[in-house]
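**Student:** Copying in the features that TrEMBL gives for the protein in this structure:
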DOMAIN    5-282  domain 'Homogentisate 1,2-dioxygenase N-terminal'
DOMAIN    284-438  domain 'Homogentisate 1,2-dioxygenase C-terminal'
ACT_SITE  H295  active site, proton acceptor
BINDING   H338, E344, H374  Fe cation binding site
BINDING   F353, H374  homogentisate binding site
Amino acid sequence: MQDYEYQAGFGNQFQTEALPGALPKVQNTPHFAPYGLYTEQINGSSFTVPRNHNLRTWVYKIHPATMQGPSVPYTQNKNFISDFFSRENVEVSASQPRWKPFDPPTSKEVDFINGIGTLCGSGEPSISTGLAIHIYSANADMKNRAFINSDGDFLIIPQQGSLDIQTELGKLYIKPNEFAVIPRGIHFKVNLVDNPNKVCRGYILEVYGGHFELPDLGPIGANGLANPRDFMYPVACYEHIDNVEYKIIQKFQGQLFEAAKNHSPFDVVSWHGNYAPYKYDLEKFCPVSAVLFDHPDPSIFSVLTCKSNTPGTAVCDFVVFPPRYIVMENTFRPASFHRNCMSEFVGSITDTFDLDDHALRPGGASLHHVMVPHGPDSNSTAAELIRKEDRVFKIPPNNFSFMFESMFQLRTTKWSMSQETMFDRNAFGHWKDIKIHFDPTKRDLIPE
């Protein structure tokens with residue numbers, strides 16, 4: 001594996017150069033940039049947002065980004081959906097959808113972009129409102145192709161196979177139990193590494209409005225959960241390749257386009273700013289939980305949040321269920337039966353010990369719609385009710401699952417509901433055998 005260098009600290013103002021002196025001093029737009037480079041600004045927020053929310057990066061690159069051919073429709077992936085207002089794309093269902101792990105492609109080469117399939121979402125990117133949840137499944141590198149998303153930020157969670165993500169601001173390496181965030185407007189491509197079978201699979205959360213932030217800690221204090229120092233940003237790393245055909249795939253207003261360049265887009269020699277891709281290792285997450293009794297709400301496991309205009313309500317929270325000690329006394333320890341005003345999308349990275357749905361396997365997913373009841377399945381409920389001891393238990397290492405929790409009601413795509421070998425139409429059956437113990441004559445009844 002090649003060496004990867006990083007800068008640490010969530011949202012910091014970074015500066016990095018791949019050649020000595022390539023970053024201008026004092027000013028952003030000198031008359032003559034070092035090494036004959038061109039200057040370009042990438043803005044992730046409007047110019048006039050409050051300064052502590054301003055996101056922008058200055059890049060110094062070999063070619064201006066404008067040097068490319070005309071955009072034409074890209075038609076090689078019809079399963080990459082962004083418009084959830086259109087009934088042409090979606091199927092509304094009030095059931096509890098569940099998907100089995102998606103099989104990697106085998107009959108032909110499929111790269112990261114062509115391997116994206118949309119499961120569900122809400123809204124539409126042209127009004128900067130909503131989100132989409134995708135899976136990806138690929139067996140090939142992107143080669144001389146790059147992707148740029150005008151619609152939203154990508155949060156990429158590998159479940160099988162490690163990824164080399166080359167961005168115009170530098171390189172990221174992520175493996176299962178890590179994730180990366182690629183802000184909108186940043187060119188990137190994905191290659192498969194450390195994987196002799198050339199197979200990868202994972203999840204993507206795409207948010208159309210706002211950006212990901214660290215959640216407020218409130219009474220937890222100044223430390224805990226995902227610590228800012230553990231977020232890693234790339235250093236400048238450029239390639240100077242001319243006279244080559246490069247395809248740029250762009251998503252704009254939910255549609256895919258392609259344009260040609262005669263050079264590599266990964267030609268940024270230096271940059272400074274706070275709008276950049278980053279990665280995080282979920283094994284560094286510092287959980288807090290109940291230490292005496294009762295089951296806490298999953299919001300205490302929030303890694304990142306994309307805030308809405310309503311305080312305390314998220315466009316989407318990214319929540320991880322990590323290894324930790326379970327110590328609560330006199331408590332029904334699995335997650336309780338639940339109806340929620342938020343949508344809950346659950347996926348499994350390495351194991352499902354911490355989930356109330358043990359039919360869900362790594363690489364699969366389930367969706368708990370707004371106010372649709374969900375909770376521990378029949379087997380989990382029965383096992384918990386016959387447990388006699390309040391012993392301390394540690395969830396084993398390498399057990400990671402996650403949840404995307406959103407204020408939006410999510411619509412499933414027709415494609416995701418039509419995958420006969422992947423879509424589980426019998427999810428409701430996992431609760432049908434729950435035993436009823438009610439006896440009005442025995443207040444202190446303990447099930448046998």
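Every residue number used here counts from 1 along the chain in the order it is shown.
Heads up, the Cβ atoms here are built off N, Cα and C, so glycines get one too.
TrEMBL annotations: computationally assigned, not manually curated.
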**Student:** Within 8 Å of the Cβ centroid of the Fe cation site residues H338, E344, H374, which other residues of the same chain have their Cβ?
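**Tutor:** Here the non-site neighbours turn out to be A335, R339, N340, H368, V372, P373, G375.
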**Student:** Between E344 (Fe cation binding site) and H295 (active site, proton acceptor), what is the CA-CA distance rounded to a whole number of Å?
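**Tutor:** One finds 17 Å between the Cα atoms of these residues.
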**Student:** Can you grab the distance from H338 (Fe cation binding site) over to H295 (active site, proton acceptor)? Cα atoms, rounded to a whole Å.
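**Tutor:** Each residue's Cα considered, H338 (Fe cation binding site) and H295 (active site, proton acceptor) end up 12 Å apart.
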**Student:** Give me the Cα-Cα distance between H374 (Fe cation binding site) and the residue listed as 'active site, proton acceptor', rounded to a whole Å.
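**Tutor:** Distance between the two Cα atoms comes out at 16 Å.
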**Student:** Take the domain 'Homogentisate 1,2-dioxygenase C-terminal' (284-438) and average the pLDDT across it for me.
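**Tutor:** Over the domain 'Homogentisate 1,2-dioxygenase C-terminal' (284-438), the predicted model scores a mean pLDDT of 89.
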**Student:** Starting from each candidate's C-beta and looking 10 angstroms out, tell me which of the recorded positions H295, H338, H374 has the most other C-beta atoms.
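**Tutor:** Of the recorded positions H295, H338, H374, the highest Cβ count within 10 Å belongs to H374.
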